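Visitor: According to TrEMBL, the protein has these features:
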REGION    A:1-23  region 'Disordered'
COMPBIAS  A:13-23  compositional bias 'Basic residues'
TRANSMEM  A:34-60  transmembrane segment
DOMAIN    A:94-309  domain 'ABC transmembrane type-1'
TRANSMEM  A:98-119  transmembrane segment
TRANSMEM  A:131-152  transmembrane segment
TRANSMEM  A:184-203  transmembrane segment
TRANSMEM  A:224-252  transmembrane segment
TRANSMEM  A:288-308  transmembrane segment
Amino acid sequence: MAVATTSDSGTRRGGKPAATKRRKVESFNKREALAGYLFIAPWVIGFLLFTLGAMVYSLVISFSHYDLATNTATPAGLSNYQLLIDEPKVMLSLGNTLYYAVLAVPLEIIVALALALLLNRVKRGSGFFRTVFYLPKMTPSVATAAVFLLLLNGNRGAINDFLGFFGIDGPQWLVDPAWIKPSIVIMALWTVSGTMIIFLAALKNVPRDLYEVSSIDGAGPIRQFFNITLPMISSAMFFNIIVLTIAALQVFDQAYLLFHRDAVNAAPEASLFYGIYLFQQAFRSFNFGFASAMAWLLFVIIMLISLIQVKLSNRFVYYEGGDRK
Amino acid sequence: MTTTSATTDTSGTPGPRVAAVGVDAIGPGPRKRRRNYRPTNIIGQVVLWVLLLGMTGLFLYPFVWLIAASLKPRGQVFDNKLIPETFRPENYAEVWDRLPLLSWAGNSILIAVLAAGLVTISSSVVAFGFAYFRFPGRNFLFGIVLATMMLPGAVTLVPQYLIWNELGFVGTNVPLWGANLFGSAFYIFLQRQFFLGLPREIFEAARVDGVGYFGLFWRMALPLAIPSFIIVFIFEFQASWNNLQGPLIYLNFGSVEQFTVPLGISFAMTQFSPTAGGQGDYQLVMVAALLVTLPMLIIFAFAQRYFIEGLATQGRKG
């Protein structure tokens with residue numbers, strides 16, 4: 001953020017009072033400022049309506065009972081928030097979601113980083129491999145789910161056939177509650193290439209000389225990985241972890257397509273993720289007040305987790321040049 | 001956008017030889033070349049290739065399986081033979097009769113083009129505003145743009161639905177592209193970076209020559225910004241084309257003809273489901289799944305560079 005705004009940073013150098021400050025304000029050409037506001041007006045309107053307005057609206061709704069038939073909200077006090085505690089499915093779905101995130105994020109990071117490391121080393125054909133790994137990212141989630149629904153079939157699916165080849169008796173992926181989350185992780189791993197590309201870009205920016213110098217000092221590949229590669233790509237690592245965590249906490253498409261398409265069909269409890277339950281409450285039962293309260297709880301959880309990650313990153317992330325943010 | 005060249009130097013070039021010239025041109029020539037041919041390096045490269053080919057097999061298998069399944073007769077969809085025992089290409093004709101794929105595709109294309117076109121235009125206008133004009137509060141407002149990138153979509157799902165409901169647009173496709181009129185934080189960020197990469201002098205010179213503020217954008221910046229337009233357009237086109245949750249919320253209770261392709265296939269999965277309902281015509285779902293994937297694969301084939309650059313840039317914003 002600070003990198004790009006160099007044009008202003010010259011004028012804001014000093015913390016000097018009145019005189020400089022007034023000159024700074026006056027240095028804005030009025031016509032230019034007006035033009036600037038006109039250019040950003042679409043975003044300002046959209047922000048006021050669909051972001052800020054929507055959030056304020058959401059907060060109000062979360063303290064009311066909303067009746068869709070008459071479009072009216074009647075005050076409900078804290079009852080929606082009380083229901084977050086009283087309704088066991090909230091904590092069940094939250095637990096499912098956190099469990100999924102704890103399983104998915106580290107595996108996604110490891111697989112993406114491993115692929116990126118391989119691609120970074122290979123001299124011929126890296127373009128080809130990168131394309132292959134990227135294809136799943138282009139595939140709509142419905143297509144992915146339609147295919148994996150059969151690949152993950154416990155009796156006749158290809159994944160268990162493959163495991164059987166090694167003498168492993170594969171589980172009933174989509175039926176056994178214990179294997180439902182790993183099933184969705186498998187699908188997430190198939191589409192891990194976005195994360196991989198970001199690692200790859202970071203790896204390409206690690207200066208070669210660091211490796212040469214350290215190998216003269218007698219460092220082996222493992223020490224080089226932990227002492228050079230990891231610290232040098234730590235900002236990409238941090239970015240990927242945050243993005244993947246936020247995505248995992250909102251997991252929806254795959255769980256919906258595999259287990260919750262059918263409103264009648266009783267889906268296994270283990271597949272009830274927070275995003276699914278929120279969706280059901282909002283757009284199947286039309287409990288907008290309760291759904292809004294759920295959304296705010298999710299918001300607070302995501303912000304807390306991001307905050308913890310940012311705090312941790314201050315200790316571990318190395319920024320080139322020190323002041324880059 | 002300036003540093004992305006590092007990621008592309010091997011992708012665009014057809015042969016490895018060309019890439020090697022590139023490396024030699026920058027690097028300390030002869031020494032590097034010799035190292036390429038050291039035997040340990042060759043063995044290392046072979047091991048890498050074997051590993052990568054193995055991964056390639058795993059990543060491509062679902063596609064191959066999908067193509068095979070789409071060609072199988074009803075009873076054989078479940079077997080895992082990669083070459084069907086009996087080929088049934090008629091599936092490809094039948095699917096159009098059994099599912100209203102044409103109207104789904106029409107809806108999806110209309111929505112994706114509107115969504116992508118609108119967000120490209122609006123985001124670039126806003127981005128140019130942030131990049132080139134000095135006005136009080138600019139940095140503060142841009143900070144808010146960045147902050148909204150972190151906002152989880154689930155939080156605004158319900159209120160946005162209620163807003164569209166108040167406006168009377170639930171049940172139409174307007175909510176699926178309407179908000180794109182106002183730009184989108186990530187694309188504003190992306191295009192602002194691009195505009196800042198253009199030399200400021202050319203805009204100042206144009207001002208001196210009497211070009212108005214809008215002319216700066218329309219006549220000077222736009223023609224130069226085509227590459228960033230392509231990135232934004234295809235990113236949003238993909239997002240819209242693959243979107244399931246939006247249509248599920250806004251279109252799900254209308255007639256089946258109003259569905260988009262993802263929503264339609266999700267509906268067909270339930271109809272033909274092998275797990276819930278027994279032996280449906282699941283091979284038709286496979287054909288439809290292949291057909292919904294194909295446009296994105298074709299776009300990717302032509303615009304691969306843009307996807308990967310766009311993502312790599314996204315990574316650098318942190």
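Cβ atoms are placed via backbone N, Cα and C, with glycine included.
TrEMBL labels come from automatic prediction, so no person has curated them.
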Visitor: Could you name the stretch, out of A:34-60, A:131-152, A:224-252, A:288-308, with the greatest number of CB pairs under 8 A to the transmembrane segment (A:98-119)?
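Guide: Out of the listed stretches, A:224-252 contacts the transmembrane segment (A:98-119) most.
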Visitor: What residues in the same chain, six or more past the boundaries of the transmembrane segment (A:224-252), come closer than 8 Å to it by Cβ-Cβ distance?
Guide: 97-98, 100-101, 104-105, 108-109, 112-113, 117, 184, 188, 195, 198-199, 201-203, 205-206, 210-211, 214-215, 273-276, 279, 298, 301-302, 305-306, 309-310, 313, 316-319
Visitor: What residues in the same chain, six or more past the boundaries of the transmembrane segment (A:34-60), come closer than 8 Å to it by Cβ-Cβ distance?
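Guide: Hits for the transmembrane segment (A:34-60): 73, 292, 295-296.
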